[in-house]
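Chemist: Sharing the features that TrEMBL gives for it:
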- 964-973: compositional bias 'Low complexity' (COMPBIAS)
- 3-64: domain 'RING-CH-type' (DOMAIN)
- 964-990: region 'Disordered' (REGION)
- 95-118: transmembrane segment (TRANSMEM)
- 145-165: transmembrane segment (TRANSMEM)
- 316-338: transmembrane segment (TRANSMEM)
- 358-382: transmembrane segment (TRANSMEM)
- 394-420: transmembrane segment (TRANSMEM)
- 448-468: transmembrane segment (TRANSMEM)
- 704-726: transmembrane segment (TRANSMEM)
- 746-770: transmembrane segment (TRANSMEM)
- 791-814: transmembrane segment (TRANSMEM)
- 834-856: transmembrane segment (TRANSMEM)
- 876-899: transmembrane segment (TRANSMEM)
- 919-938: transmembrane segment (TRANSMEM)
Amino acid sequence: MEEDSHNQDICRVCRCEGSSDRQLFHPCICTGSIKFIHQDCLVQWLRYSRKEYCELCKHRFHFTPIYAPDMPKRLPIADILTGLARSMGTAIRYWLHYTLVAVAWLGVVPLTACRIYRCLFTGSVSSVLTLPLDMLSTENLVSDIFHGCFVVTCTLSAFISLVWLREQILHGGGPDWLDQEINNEGEGGGNIGGGGAVAVAAINGNEAAAPQQEEANDNVEMLDPPPAAAPVPAPVPAAVNQELAPLPDNANAPQGVDGELLHEAGAAGGNNNVDVGAAAADDVNWNPIEWDRAAEELTWERLLGLDGSLVFLEHVFWVVSLNTMFILVFAFCPYHIGHFTIVGFKLKGWVTASHFEGLVTALCGYCVVGLCLVLLHTAAAIIRLNRSTRVLGLCYVVVKVALLSVVEIGVFPLIGGWWLDICSLSLFDATLKDREVSFKVAPGTSMFIHWLVGMVYVFYFASFILLLREVLRPGVLWFLRNLNDPDFNPVQEMIHLPIVRHTRRFLASMVIFGSTVLLMLWLPIKIIHAMWPTFLPYHITLSSDTPVSELSLELLLLQVILPALLEQGHTRVWLKLLVRNWCACVSHILGLRSYLLGDVPLDDPAGGEVIGGDNNVGGAGNNDAGAGEAAAAAAAAPAPAVPPAQVDEEEAHVDDVVEPPMEAMGVADALGGGLGAAHQALLQRDGPTGFQSYIRPHWFGIRILGLVVIMCVSLTCASVLCLTLPVLVGRHCMYAALGDTKVHELYTGACGLYLCLLCIRGINLLSQWLQMGWSQVLNRLRTWGLMASKAIIALFVVAVVIPLMVGVLMELVIVIPLRVPLHQTPILFLWQDWALGVLYTKIMCALVMMGPNWWLKTHLEHIYLGGVRGLDLHLLVCQTAIPVIAALSACLSLPYITAHSLAPLVAPPSSLILIERRIYPALLIISVVTSLIVMQVVQFTRLYEHIKNDKYLVGRRLVNYDHTSSTTSSSTSPITETPQQEIEVAPFVR
C-alpha cells in the first residue's frame, strides 16, 4: 500500500490527487514529484507570481483558447464594426478626459497663477476689477502659461517646505524660548490638558529654577549656546539626579567657532513637552480604519485625475486657492512692506542699481516682518496672550529659517564666487571694470555663474575637509562641522540656534573661505607674476580668435576635470597619502605628532601633558560631531583641578567664569535642568564622542602658531605648483603637436594635468613591480600590454568607427537636406561629424540602456560590468560592434548604391541630383511609415482577437509537454516552442 501511495501522481501546489473533474497535467519539463499540477492551481500561481514560465525549468506554459461551438470561422463585419466602434468610443472618452486633465493642470492652474500674480503686482485697482476678463483673455497665452508654471512651482515648493518645517519642529522640538513659553502656559494658565495638566505639573514641580536657568542661558547664548541643552521649566526629580550623579563632567566644556558642545538629542528629548491628557484623549479617539481608508483613497492617480474620475476638479480649485493665498501672503505682503521700508529710508536708488529690485525688496520685507514678529511676540508675552505668543513665535521661526536658508544656499556661495573671481582677475588679464560691464549687460547670467562657481568651490572644500578627517586625529578639526555626522541636521540648527550665533558662524565661514582663496589663488598669482612675468596671463581665446568668457575655464575645470579626477580612486589615495606624509613631517619638526595624528602611545608623555578624552574613537574614522577637544578634556577631569591658565588656547570663555563641578550641582542642573538635560546626560553616559586623547607638549600655543604658518606656506607653494606645472607641460605638448597656434589654456592645463598624473601613476606602478622581481615585472608588463592592446582595439571600434558612421549618417539624413541647397555641393567635415557622432552615440546608448531588454542592452550591460580589466573582446567586437557596424553600413551604402547605380537607369539626368540628396531622408520616412503600418496591423490583429474573445471565448485549455520527443531543443532553449499534445479539460471560467 505504501508503494502504491508513493507512485500516486499528486499536484505540486495543493498536493492532491487528480480526479475526473480536476485532472492533473504535466505542462513543463519538470519530472518527479513536481511533474503534475492542476490547471486551476497553476492559473492561481501564475496570477500571484506574474510569470508565464516555470521558475525551475524555465519552460513557458501554453494554453489554447476554448471558444463557443457557434463561433464562425471568420467574424462578421457587423461584429468587427461594433467592436471597433466600442473601442473608438472608449478611446475618445479617455482622450477627452485626459485632455481635460491636461488643460486643467497645464493650462488653467498656471494661467490663473500668472495672471493673479500680475494683477496683484500691477498696483492699480482697475487691474483687480478686470481680473475676471483677464482670465479669459487669449493674449500672451503661451508665455503666461510658462510664467505661471514657475509661479506654481514656487508656491508648491513653499507649501512643501512649510509642511516639512512643521515636521521638523514636531520631531526635533521648537526653539528653547518657544517651548518654555508653552510649558509656562501649561503650568500657570488655562486648563488645556484637563487631568493631564496635573500630571505635567507634578513632574515639573520646581518653578523657581526657570528664571535662573533663563539668565544662565542668556549669558552663554551670546558666545555659543549649546543647542542640545534646551531650557526646560524645571530640573529632573531628585531620584533622577541621584542616578545621574556619577556621570562624566561636561560642565566646563568650551565652545569654539563652529564647535558644538552637546548633540541635539537632548533638545529633541527635552522640547517635546506633550500634554498627557490630550495625548491620551487622542489615543482613545483614534480610529486606524478611517485613517487607512483615507490613505488608500488619495493616490497620485486620483489626485491628478488619471483614474478616470472628475474628483480632480476639486483638487484644481484647491491648488488655485493655495496659489492665490501663497502669492498674497509670501510674495505680495513682504514685497510691499519692503518697498515702503526702502522708500522710507530713501534707499530706492541703491536697490534699483542692483538690477534685482524685486528680490532685494522682498528680502528686505521679510527682514522687516521678522523684526515686527519679534516685537509683537515680546508684547504678547508681556500681556500674557499665550495663544498669540505661540502663533507669533512659530511665524518668526518660519521667517528665520527662510532667511537663513537664503543666506546659506544663496548669499554665501555668491560671495564666494565673486571673491574667487576678484582674486583671479590677473590670472586672465581682466579688470573690475570688465566684470562691471559684463554684469550690467547680463546681470542674471553673471550672478548665476558666480553662484555656481561658489557652490562648486564650497563642495570641493567640504570634500577636502572630509578627507582631512580621515587622516587627522579625531578632535583636531573641532571648529568645523562634520557633515558625515548622523546627528548633524542644519534645519534643526536653524530652528534652535539664535540669530547672533548664525551671524557669527557666517562671518567665521567667510573669514575661513576668504583666507583660503587668498592663500591658494591671489598670493600664488602675485608670486608667479613676480618670479615669472611671461608665464601669465592664461590664453583664453580659441585658435580662431573667438573670445570665450574667462569664467568658462573655471567652470569647465571644476565641472569636467576635477570630477574626473575625484572619480579615480588612486587620485584620492595619493592626495590622502600626501596629506598624511605632510602631517608626519610637520609634526616631527614641531613635536605635534600626538596632537595631529594621534598614533603616539600615551604611556610616556615625555615632558608633555596628556589631555584625556574618548579613547574608543578610532584614529581613522574621526567622526567628531563638531565638539571641541577642550570639551572632552574638561569632561575627563573635574573642573576645579584645571585652573584657567592651563586650559587650551582653543577654549572660549564667558567672562573667565569657571563653572562649578557637575558633581556639586548635579548633572541635570549643569546641563540646564529638566527632562532634556536628563536625556542628554543618559546619552553621554560613556563620555563625549569624537575626541581622542593626545599629548600636549610645552609651548603648545607657539607650536600651533608655527603649524598654521607652515600650513599657509605649504598651501601657497602647492597652489603655485598646480598653477604652473600642468599648464607648462601642456603648452610644450601642444607646441610640439600644433606649432605656434594659440590654444585655450583649458586644453593645455587638462593635457598637462593628465600627463603628470600618468607619470605619477607609472612611477607608482614601477616602484611596486620592482619589489616583486624582474620575472613578475615581465609578467605584469605582458599582462598590461595585452590589456592595452585589447583596449586600443575596443577604443578604435567603439570610439572612432561607430561614432564616425553615426555622425555621417545623421549628416546625410538630416543636416544636408535642411541646410545645403540643390545647386551647392555638400562637403563632409569628418572631424566635426565624428565629434557629433560621439554625442549621438552616447545618447543612443543611454536610450538603449533605458529601453526594454534585448540583445544589444544585454551586451552593453556585460561590457560595462566587465570594465577594462575584464574586457571581452569577442563579445565587444564580434557580437556587438560588427552587427551595429553592419546595420550602419547598410543604412549608408544602400541609398548610395540605389542613387548612383539604379537611379540613372530609370530617371532622367536632371533629377539625379534631387534623388541623391533626398534619398536618405526619403528612405527614413519610408521606414517610419512602414513601421507605423506594421504597428497598426498588429494593433488591429489584437483588436480582432479581443473582439472574438469577448464574444465567443468560454475558457482555456492547458497544453501538456510531450516528454517522448527529443529534449535537445528544450534543454538548449527551454523558453521556445516544443512538441506538445493537447488534452481537453473542463473549460476554465474567466
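Placement of Cβ uses the backbone N, Cα and C atoms for every residue, glycine included.
Note: TrEMBL annotation is automatic and uncurated.
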Chemist: Could you pull out which residues elsewhere in the chain have a CB under 8 Å from any CB of the transmembrane segment (316-338), counting only those six or more residues past its ends?
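Modeler: Residues packing against the transmembrane segment (316-338) from afar: 104-105, 108-109, 112-113, 116-117, 120-121, 151-152, 155, 158-159, 358, 360-369.
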Chemist: For the domain 'RING-CH-type' (3-64), would you mind checking the mean pLDDT of the predicted model?
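Modeler: Mean pLDDT for the domain 'RING-CH-type' (3-64): 81.
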Chemist: Can you work out which residues elsewhere in the same chain, 6+ from the ends of the transmembrane segment (834-856), have a Cβ less than 8 Å from its Cβ atoms?
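Modeler: Non-local partners: 799-800, 802-808, 810-811, 880, 884.
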Chemist: For the transmembrane segment (704-726), what are the same-chain contacts with Cβ under 8 Å, counting residues 6+ beyond its ends?
Modeler: 427, 516, 519-521, 523-525, 527-528, 532, 535, 582, 586, 589-590, 592, 596, 649, 748-750, 752-753, 755-756
Chemist: Counting only residues 6 or more past its boundaries, what in the same chain has a CB within less than 8 Å of a CB in the transmembrane segment (876-899)?
Modeler: 793-794, 797-798, 801-802, 805-806, 808-809, 812, 856, 859-860, 863, 912, 915-916, 919-920, 923
Chemist: Just to be sure I understand, if DSSP states are collapsed into helix, strand and coil, how many residues of the domain 'RING-CH-type' (3-64) fall in each?
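Modeler: Within the domain 'RING-CH-type' (3-64) the tally stands at 19 helix, 10 strand, 33 coil.
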